Amino acid sequence: MVAPMSAWPWENLGVFKYLLYGPLAAKVLYSWIYEDSIKDLWCLHILVICALRGLIHQLWNSYSTTLFLTRNRRIKQEGVDFKQIDREWDWDNFLILHALLAYMACLIFPSLDDLPLWNPKGFITLLFLHVTVSEPLYYWAHRYFHEGYLFTHYHSLHHSSSVIHPYTAGHATFLEHLILCVVIGIPMAGSIMMGYGSTSMVYGYVLAFDFLRCLGHSNVEVVPHEVFNKLPFLKYFLYTPTYHSLHHTEMGTNFCLFMPLFDAMGNTLNRNSWHLHKKISSDSAKNGRVPDFVFLAHGVDLTSSMHAPFVFRSFASVPFSTRIFLLPLLPVAFLVMLIMWAWSKTFLISFYNLSGHLHQTWVVPRFGFQ
């Protein structure tokens, strides 16, 4: 039997789930076409914020899977398999949930339309509420989700991904993301109720929140260890991809949201965190393992180039087909083709381990028509 609120209400809708954005888009279009100005401005803001949040996850996906840039910084050397891609296919469900809840908040509190563009006091209040409320709330909720029934029926889904990836950050149950809504919402709601809220505060906090979530799940160490050598106190206020990866391999430690300070206070800090971080960060300048087998490949045409894993991961995991909505991206693909032609170096695009042997696919920077 499925646990209550573990499944998403729209999980059987497939791609039609995006129609749930329809009411917001309809309000914006109606105001734009039939009225002098867009009255429900926050409907537009919600759609823009969702698009930007999706873009942040997409850019982190592109960076983490651009292996010729990140192969020496990878924390877990295994690659993401197709089963994990299938499990994480609907990673963006939480964006729909947050959009609908934000829309409800705008209907209940119409005064949100009067928020100023900028208020520096709002950022100070928001930061204070994040540190004192959101961080400890998430820490304890996360610890409870690692116990018995809650882990088995809810949080185990998130931990089913053997190699963490930016999309893994959004891969969780409906209940967990409802709780995450509270974690994100408290600092913003508190600051707004105190009279210090602003539009830029909402944009900045939500996008920074997603950026740090993707950073922790990127499986690529991007924080130089020299930063912690010069500012030792900073390691308690900013987690690293290595820090969070240890939570996925040794699940009894490193429960924090973004600040290891709360793991230190709760006695759940993995003492190997910064040693491993320093090792991976220091080894990034060294050459990685020499592959046992290399397969050389080249692009067929510009359309096929947009199916590379670091462009759209989902398209790279299914049989090739021409998608009309990708056609506007052809000029970008053409520009990349020219850069590849000028750079004229092969690069790593994928790898896998088989019977202890490392197999890699390198791309020759030429297309079939060249």
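For all residues, glycine too, the Cβ spot is worked out from N, Cα and C.
Feature list (source: TrEMBL):
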type: DOMAIN; residues: 128-268; note: domain 'Fatty acid hydroxylase'
type: TRANSMEM; residues: 15-34; note: transmembrane segment
type: TRANSMEM; residues: 41-60; note: transmembrane segment
type: TRANSMEM; residues: 94-112; note: transmembrane segment
type: TRANSMEM; residues: 124-141; note: transmembrane segment
type: TRANSMEM; residues: 177-196; note: transmembrane segment
type: TRANSMEM; residues: 324-343; note: transmembrane segment
* Structure fact -> Contact set of the transmembrane segment (177-196) with the rest of its chain, CB cutoff 8 A exclusive, min separation 6+ beyond the ends, reads 5, 93-94, 97-98, 101, 112, 115, 119, 121-122, 124-127, 129-130, 133-134, 137-138, 141, 202, 205-206, 209, 257
* Structure fact -> Residues outside the transmembrane segment (324-343) whose C-beta sits under 8 Å from one of its C-beta atoms, at least 6 past its ends, are 299, 302-303, 305-306, 365-367, 370
* To do: Go through the chain and flag residues at least 6 beyond the ends of the transmembrane segment (94-112) whose CB is under 8 A from any CB in it; none is fine as an answer.
  => 8, 10, 17-18, 20-21, 23-24, 40, 42-43, 46-47, 49-50, 53-54, 170, 172, 174, 177-178, 180-181, 184-185, 192
* Residues of the same chain, at least six outside the transmembrane segment (15-34), with any C-beta under 8 angstroms of its C-beta? -> 40, 43-44, 46-47, 50, 90, 93, 96, 99-100, 103
* Tell me the residue counts in helix, strand and coil for the domain 'Fatty acid hydroxylase' (128-268), as DSSP assigns them. => 97 helix, 1 strand, 43 coil
